[in-house]
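TrEMBL has this to say about the protein:
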{"type": "ACT_SITE", "residues": "Cys2", "note": "active site, for GATase activity"}
{"type": "DOMAIN", "residues": "2-191", "note": "domain 'Glutamine amidotransferase type-2'"}
{"type": "BINDING", "residues": "Asp97", "note": "L-glutamine binding site"}
{"type": "BINDING", "residues": "Leu257, Ile289, Ser364, Gly365", "note": "ATP binding site"}
{"type": "SITE", "residues": "Glu366", "note": "site 'Important for beta-aspartyl-AMP intermediate formation'"}
Amino acid sequence: MCGIWALFGSDECLSVQCLSAMKIAHRGPDAFRFENVNGFTNCCFGFHRLAVVDQLYGMQPIRVKKFPYLWLCYNGEIYNFKQLQKQFGFDYQTLVDGEVILHLYNRGGIEQTASMLDGVFAFILLDTANRKVFLARDTYGVRPLFKVLTDDGFLGVCSEAKGLINLKHSTSLCSKVEPFLPGHYEVLDLKPSGKVASVELVKFHSCKDEPLHAACDTVEALPSAGFDLETVKSNIRILFENAVRKRLMAHRRIGCLLSGGLDSSLVAAVLLKLMKEININYPLQTFAIGMENSPDLLAARKVAAHIGSEHHEVILNTEEGIQAIEEVIFSLETYDITTIRASIGMYLVSKYIRKKTDSVVIFSGEGSDELTQGYIYFHKAPSPEEGAEESERLLKELYLFDVLRADRTTAAHGLELRVPFLDHRFTSYYLSLPAELRIPKNGIEKYLLRLSFEDSNLLPKEILWRPKEAFSDGIASVKKSWFSILQDYIDQQVDDLLLEKAAEKYPFNPPKTKESYYYRQIFEKHYPGRSSWLPHYWMPRWVKATDPSARTLKHYKSATQE
C-alpha cells in the first residue's frame, strides 16, 4: 500500500504543485520521493512508500537498466510475479513484485500486461521511447486511482482525490477530478510539450470472466469440473484457501480484522492455518472493535479462542466515535451514509493497530457480501437470476462503497489491506455457478459458502451459521444500534428547517435525513462541488427502505428477538 501521484504537462512550477502530493503522505509513512522526468521538465512523479517488500530497491518510480525509457509508479501487490518470471524467463533486477509490469509491457504491450496481473493495483506507466502514458486499475478497484485531464492536455493522477483538487493550472479544474474505472486501462499520447491526449479507454477484465492469468496460478486447474454440490464445495475451499495463501507475500507483520461475522472469521481461520503451514514464527494478531459486550466483540472473542490468535479488543465509546466523523469523511472522500457509519469503527481499529502493534499487512473480509449474496435484502430477490444480477452490480460498484471504505480507513493509518474474497479466480468461479446455487436458503444468506466449510472444523458451528450483522450495527449493543446513537447526536446538530431546504442547497443526491445532511455538510466543507464522486447512495433493493441499515429490514433478527 503506497501513495502514487504524477503530473504531465503542468503549466505551474512543479515545486508548488508538489505540495498537493503531500496530501496523501499517510499512505506511505516510510519514505517519499519526488522525481522529474528527463526531457520533460513539466512532468513528474511523486511517491509515498509503505515498505512491505524489498526494503533496499523498493522506491519508485521504478526504473531498471534493461528498460531505461520506462518509468513506473504503482500501488498494489502482484501475487503471481514469480510465476510470470518462471513462465516467460524474466530477468528481475529487484525483489519488487511490481517490476513484472515493466517486463510484461516490454514483452506484449499494455493489454497483456493488465490482463496477466494477478493482484490488486493502480499504476502509471510512462514509455518515453514511444511517447505513451498508460493508466490501469485492478478489476474491483481494491487500490484507488483518481485522475484529472483538462481540455488542453494537462494530466494529474493520484491515489486519492485530495491530491488533485488543489492543483494549479491555467484553466479551471473544477468538477473534472474523477475516479479511474476499475478493470480498465487508458492509453494516452505524450506530446513533446509534456501535455497528453487520451487515445482509448479499454475494459480489460470483467468480474465474471476467468482471468487470463489463471493459466499460471498456483492452482492451475481445478481437480474436478461440474456443478454437483460436493464438487462445488470442494472447489470453493480450494480457491479460497489459494486466495489467502498467495496474499501471505510480505516482509512486514501480518494481522487480521475480526468482527466475529462469517467473512472475517473465515479469513482469520484460513490465514492462521496457512501461516502455521509455512512456519511464520509470530502469532497472528486479530483485531475487533465494539462497545462493551456488543455482538461483534463476543463473537470475535469466540473465534479467536477457537483458532488460537493473539486477540486485541478495542472498546468504542460513543464520544470517540462521534468525534471521528469529520476526519473519517475527509479520509473517505464520500458522503454515503452506510459507508460513513461502517467506516468509523474500521478507522478507529486501524488507528489502534498503527499505534499499539507492529502489524502492517491487514487481512479483511470485504467483498464476500457482494459476491455470495450476504446482504439481508437478498432474501427478497424476485428470482435467482435477479439475485445473480444484483450480486454482479454490487461487485462492479464496490470501488464506490465497501472497497473505498476498507482502503481509506486503513490507508489513513499507513496499513496495507488484503482482501482474499476479491481474488480474481475465486470470484469468477463463484459467479460461474448456477444462480439457484447462490441464493439464500432456509432463511440463511451465504448458504453455499457456509455449507462449503461446514466439515472443515475451521470455525465453531454457531459462528459459521451466525446471521448477518451490519458492521456498523454489530459494534453496538443489541439494545441500541450504532446508527441510532449517531442519529440521536445528529438530531441536535441539524435544524429541521435546514433539512426542509436540503434539495435546494444540494440538488444532486439531496439528503433525506438529518444524518445524511450532516455528513453532506462536512463533505462539502472539504470537497466543495464534488458531489458527483458518489453517483447514488447505497441502499437495499426489493424492499421499501429509507435507511441502509440492516436493522430497519423486517428479516433482521437481533438477540433480543430470538
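Backbone N, Cα and C atoms are what each Cβ position is placed from, and that goes for glycine too.
Distribution of TrEMBL features across the structure.
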residue : record                                                        : contacts (Cβ under 8 Å, 6+ apart)
Cys2    : active site, for GATase activity                              : Arg27, Gly28, Phe47, His48, Arg49, Leu50, Gln60, Tyr74, Asn75, Ser159
Leu257  : ATP binding site                                              : Ser264, Thr286, Phe287, Ala288, Met346, Val349, Ile362, Phe363, Ser364, Gly365
Glu366  : site 'Important for beta-aspartyl-AMP intermediate formation' : Asp263, Leu398, Asp402, Val403, Ala406, Leu417, Val419, Phe421, Leu422
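Residues Cys256, Leu258, Ser259, Ser264, Phe287, Met346, Val349, Ile362 surround the recorded ATP site, their Cβ atoms falling within 8 Å of the Cβ centroid of Leu257, Ile289, Ser364, Gly365, which are themselves excluded. Binding residues for ATP (Leu257, Ile289, Ser364, Gly365) extend across at most 15 Å, taking the greatest CA-CA distance. For Asp97 (L-glutamine binding site) paired with Ile289 (ATP binding site), the C-alpha to C-alpha distance reads 33 Å.
Residue environment of Ser364 (ATP binding site) contains 26 other Cβ atoms, counted within 10 Å of its Cβ in all protein chains. Take the binding-site residues Asp97, Ile289: by the count of other Cβ atoms within 10 Å of each Cβ, the lowest one is Asp97. Every protein chain shown contributes to the tally, and the Cβ of Gly365 (ATP binding site) ends up with 25 other Cβ atoms within 10 Å.
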